[in-house]
């Protein structure tokens, strides 16, 4: 009951051929193959760009010189 016999597959293939026709199925398979090729080409292009790492930028961690204490010109200390 759970497995499909050869007759089930023949009926399914026959229905698919009747619905889509031989020409549409071959065109569809050609489009699928072309899509797979372009996908693989895209993966290879990504790998080529990943092989060229960007130069590492270093950050200088030295502290800036300490600022002199500020005094307000308008206020006077008594």
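All residue numbers here begin at 1 and follow the chain in the order shown.
The backbone N, Cα and C atoms fix where each Cβ goes, and this holds for glycine too.
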Ranges 1-21, 22-42: which does Swiss-Prot label transmembrane segment?
1-21
Could you tell me what the rest of the chain brings near the transmembrane segment (1-21), counting residues at least six beyond its ends with Cβ under 8 Å?
28
